[in-house]
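Inspection log for the structure reproduced underneath, given as structure tokens.
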Amino acid sequence: GTPHKYDPTFKGPIYDRGCTDILCCVLLVIAIVGYVVVGVVAWTHGDPRKVIYPTDSRGQFCGQQGTPNEYVSRLAAGARAFTRGLPASSSPIQICVSKCPDRYLTYLSAYSSRAPSELEYYQNFCVPEFKTLRKPPIEVLKDKECPAMIIPSTPLARRCFPAIRAKKGVIMVGNETTYDDGHGRRRNVTELLEGAKKANVVLEARQLAMKIFEDYTVSWYWIIIGLVIAMVTSFIFIVLLRFLAGIMVWVMIVMVILVLGYGIFHCYMEYAKLKGEAGSDVSLKDLGFQTDLRVYLHLRQTWLAFMIILCVVEVVIILLLVFLRKRILIAIALIKEASRAVGHIMSSLLFPLCTFFLLCLCIAYWASTAVFLSTSNEAVYKVFNETACQFSGQTCKPETFNTSNVTKLCPDAQCLFAFYGGESAYHKYLIVLQFFNVFMFFWLANFVIALGQVSLAGAFASYYWAFKKPDDMPAFPLFSAFGRALRYHTGSLAFGSLILAIVQVIRVTLEYLDHRLKAADNKFAKFLLSCLKCCFWCLEKFIKFLNRNAYIMIAIYGTNFCTSARNAFFLLMRNIIRVAVLDKVTDFLFFLGKLLIVGSVGILAFFFFTHRIKLVQDTAPPLNYYWVPILTVIVGSYLIAHGFFSVYGMCVDTLFLCFCEDLERNDGSPERPYYMSPELSEILLKGNLEPSK
């Protein structure tokens with residue numbers, strides 16, 4: 001590319017600009033209108049109750065407000081429904097019940113019992129039309145009005161599953177190891193195990209989820225306090241960075257090393273303390289996955305792994321600091337200049353909240369549309385029967401089934417609810433609408449992020465190109481840049497975010513294909529998918545980097561996306577050494593800042609929730625898993641710190657591009673003075689970063 005030449009009329013971001021990439025702007029508007037139409041259609045046809053509530057064999061929902069029957073239970077002869085699964089022609093009947101069975105009982109024993117309460121209790125698990133208690137048992141079972149047997153069950157997601165548990169290695173349902181299958185035979189409960197195995201995995205996951213939910217209910221306010229501490233710490237750090245940038249950077253570096261060093265020391269002490277304790281030498285591989293993560297903390301191998309990881313991180317950071325010690329001084333100068341820019345535009349620290357709010361709207365609209373689309377199917381009924389029938393498995397309509405020829409040719413056939421589906425044009429293209437929903441989510445999310453980046457870039461560019469800072473700056477630089485972006489460059493932002501969205505959708509598609517091919521034994525296909533995933537990951541990172549710098553050029557010059565991306569790319573290529581020296585070193589320093597805040601708040605949360613701070617030992621709530629609030633605080637602290645430092649990151653990137661432009665346009669003479677501050681000029685131009693003559 002050709003370097004920019006001296007232009008006496010150039011004073012920073014151009015105000016006399018026109019609309020760019022109008023075609024993409026129109027395309028975005030049409031796409032948003034289409035997205036709204038898809039949402040309305042989905043909300044019209046969808047019914048989230050299909051996800052929340054189970055259905056009986058007639059397709060009616062169980063557990064809705066105003067109905068007494070909350071759970072769905074399967075009625076089947078014997079244990080076939082749970083062991084091998086019934087064939088397509090013989091499906092168990094599902095009915096809504098008020099509660100799940102809590103005892104072993106067969107219909108024959110209930111019918112012949114002298115206690116009327118037994119049969120009355122059994123009636124709760126029969127079809128609603130069953131009213132004649134003295135009807136012969138053979139006719140009741142033949143007409144499938146009641147199940148041959150009921151077993152103790154556990155409710156899960158409003159469904160009744162066998163209450164299988166293990167006691168001292170013995171599989172039991174309720175308190176029994178055998179049961180009567182309703183045909184006079186005793187069966188072992190292990191026959192129920194295979195069919196209910198997946199259900200028990202879900203039950204364990206449910207118990208884990210309930211314990212995690214309990215932990216949140218007793219610790220949510222302490223989690224909020226931890227996040228507030230992270231926010232206050234990040235804000236204080238940013239303010240101190242404004243006035244003491246050089247000192248704060250070195251303090252940050254030393255503190256990160258000390259925090260990692262303490263982590264290594266703590267892991268070693270825990271490792272040494274567990275020496276000789278029973279069960280501490282069990283390997284992680286032998287232990288396997290445990291829902292109670294506290295079990296892992298009683299293993300020496302866990303603390304050894306933590307210690308090795310922290311040692312590697314510590315060594316890598318120290319080596320980087322040794323090799324980059326001279327470049328860090330130059331990066332500090334750029335951070336000082338960024339601190340002054342942020343100090344003059346303090347509203348920039350709150351601007352990420354606007355971006356966060358818009359992203360939440362995108363996520364909420366995408367999630368709700370996805371749920372309504374996935375529940376847009378209609379109830380499909382199929383013919384089920386015990387004996388051979390030519391109509392078996394065919395679709396049917398319950399309203400006209402009893403008067404059709406099917407009941408005449410197959411007397412035992414029934415028209416029962418099978419699944420949710422549909423054969424209309426709308427149902428056939430549901431997958432296309434879901435794909436469009438995902439694509440629009442990526443496009444709009446990237447557009448919101450791009451809008452935030454170009455607004456911040458325009459504000460910080462106004463600071464850099466003000467010859468007398470801050471006197472020559474506009475009154476409201478951030479709001480002015482935001483208005484220019486929306487008014488003139490919506491199309492350019494849509495163009496850049498569209499390219500990124502296409503790559504991200506391709507990546508999601510590749511991940512989906514990889515998931516589908518996991519069971520396949522095709523090594524070439526797996527290898528090809530791995531290569532494609534790697535290539536598109538790299539492509540996404542490159543496009544994000546190019547877009548970010550293109551948005552800076554758009555904010556300054558008001559050119560279209562392609563021109564801005566080309567100019568930014570060639571400008572960076574002409575200053576590739578400076579990119580490596582300044583831009584990436586400052587990114588590394590900001591990462592250390594986020595690591596320091598997250599590490600400090602995480603250590604404080606660890607000592608508090610594990611009752612190791614004596615002053616507040618009785619204040620900390622009792623928890624099932626103390627890692628739940630700790631991880632929540634750590635993840636939340638990182639997001640908060642990232643929000644604050646993202647403003648600094650955008651400021652540094654903008655100032656860096658402006659600095660490269662300044663070096664090409666001007667030479668520091670009285671006729672062509674630099675726009676950079678004297679402090680920045682003194683450090684950068686003495687740090688072998690001056691332009692080649």
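Backbone N, Cα and C define each Cβ position, glycine as well.
The annotation transmembrane segment is assigned in TrEMBL to 21-43 (among others).
Here TrEMBL flags 220-240 (among others) as transmembrane segment.
Positions annotated as transmembrane segment by TrEMBL: 247-265 (among others).
Summarising the annotation, TrEMBL assigns transmembrane segment to 303-324 (among others).
Taken from TrEMBL, the feature transmembrane segment applies to 345-367 (among others).
Residues 10-13, 28, 31-32, 35, 338, 340-341, 344-345, 348, 351-352, 354-355, 358-359, 362-363, 365-366, 473-474, 477-478, 480-482, 484-486, 489, 493-494, 496-498, 500-501, 504-505, 547-548, 551-552, 554-556, 647, 650-651, 653-655, 658-659, 662, 675-676 of the same chain, all 6+ positions outside the transmembrane segment (440-465), place their C-beta atoms under 8 angstroms from a C-beta of that stretch. What TrEMBL lists as transmembrane segment is 440-465 (among others).
As annotated by TrEMBL, transmembrane segment applies to 486-506 (among others). Under 8 Å from some Cβ of the transmembrane segment (486-506) lie the Cβ atoms of residues 17-28, 435, 438-439, 442-444, 446-447, 449-451, 454, 536, 539-540, 543-544, 547, 550-551, 554, 558, 560-562, 564-565, all in the same chain and six or more residues away from its ends.
Under the heading transmembrane segment, TrEMBL lists 550-573 (among others).
Sequence-distant contacts of the transmembrane segment (585-609), counting only residues of its own chain at least 6 positions beyond either end whose CB sits under 8 Å from a CB of the stretch, comprise 219, 222, 226, 229-230, 233-234, 237, 249, 252-253, 255-256, 259-260, 262-263, 317, 320, 324, 327-328, 330-332, 334-335, 616, 620, 623, 626, 629-630, 633-634, 637-638, 641-642, 645, 648-649, 652. The transmembrane segment feature in TrEMBL is assigned to 585-609 (among others).
Residues or ranges marked as transmembrane segment by TrEMBL: 625-645 (among others). The list of residues near the transmembrane segment (625-645) in space but at least 6 beyond its ends in sequence, with Cβ under 8 angstroms from a Cβ of it, reads 211-212, 215-216, 219, 222-223, 226-227, 230-231, 234-235, 237-238, 292-294, 349, 352, 356, 590, 593-594, 597-598, 601-602, 605-606, 609-610.
Cβ atoms under 8 Å from those of the transmembrane segment (345-367) belong to residues 39, 235, 238, 437-438, 440-441, 444-445, 448-449, 451-452, 455-456, 459-460, 463, 477-479, 643-644, 646-647, 651 of the same chain, restricted to positions at least 6 beyond its ends.
Taking every recorded stretch in 21-43, 247-265, 303-324, 550-573 and counting its Cβ pairs under 8 Å to the transmembrane segment (220-240), the highest total belongs to 247-265.
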